[in-house]
């Protein structure tokens, strides 16, 4: 594959083939961005009819933590690029696939190994790169966990080393919270059951996601780091419920945020978009986490930027020029399923889209749960505050209902 020079025709011998591992709502938008550039896309997920399956050229259902199954699907499809969109993947198998020359892993196989769990990336950030982080400790038994809580102090945040969307995450405020927090973390981890990170609580003013792109500079043909405007967000129990762009912040804090994002993404290497999560208090900034892929809080860029985070990711991995410039203030607000049922319907769509500057993304997930993210409302505005009000109003207008 000639990076940045040539794209083929899908479903033909000249096709540029990309395989996504994980086909949720973020993967779906990446697939759409790739298909607009004439890329042949294969979507893989652990359950059928995932959002990305519905728009890909081909779809597969496998256990992506099974190295043999992962290797087999790669050998059958022969993609040029493999794009992980979730953490629960047999990353050692990806490293072997890349080493064998079967495909290029985005951003790199090493990056997927380091970021697949919170331990790898925290040790890289704090111990190798010397980035400011909250105090932390790891534990793989309840006894070690209790000792870690005592060492870090209360309040502290407890997370499985491997989970997503806030699953298994809680705050320990008193001794009575210790055992429930351990049990909740054990239930919420996707893989590597039994290991958690205990983090000291950072008294921050706000959280941001610094969307950071490593892409080819067309002028020099070297890899260059680009930054989107900071994305502010609100999380509840570790799960994003609202985001907006740009987040107002001091010039000093913005510079520190970008320095941290540059250091950690440069250490991970490769091409693509990274979501770097940071805590900010005044001019001080702490590193929290990084995902080597589009970030859920970055859904706002579908409305705020000329090239969304998904288009930036698609262009970057293909070696094409990127433009992360902000177009307008915008916001996003999550639409939850509200009920446990397959094949739900949504009412109030007309009212939601009647909100000035509003748009919707209904993800098409086949099964709803009360707190499952089933869609998102987007809105633009003259200011961030206006955009946030509009997005929340549009989201509130959408009513998930039983299709029975």
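The backbone N, Cα and C atoms fix where each Cβ goes, glycine too.
From the candidate list 85, 87, 98, 229, the residue Swiss-Prot records in the N(1)-(5-phospho-beta-D-ribosyl)glycinamide site shared with 25, 26, 296, 365, 372, 373 is 85. It is 12 Å from the Cα atom of residue 373 (N(1)-(5-phospho-beta-D-ribosyl)glycinamide binding site) to that of residue 164 (ATP binding site). Secondary structure from DSSP puts residue 289 (Mg(2+) binding site) in a beta strand. Across the binding-site residues listed here (85, 207, 289), the residue whose Cβ sits among the most other Cβ atoms within 10 Å is 85. Within the same chain, residues at least six positions away from residue 365 (N(1)-(5-phospho-beta-D-ribosyl)glycinamide binding site) with a Cβ under 8 Å of its Cβ are 24, 25, 50, 51, 337, 372, 374.
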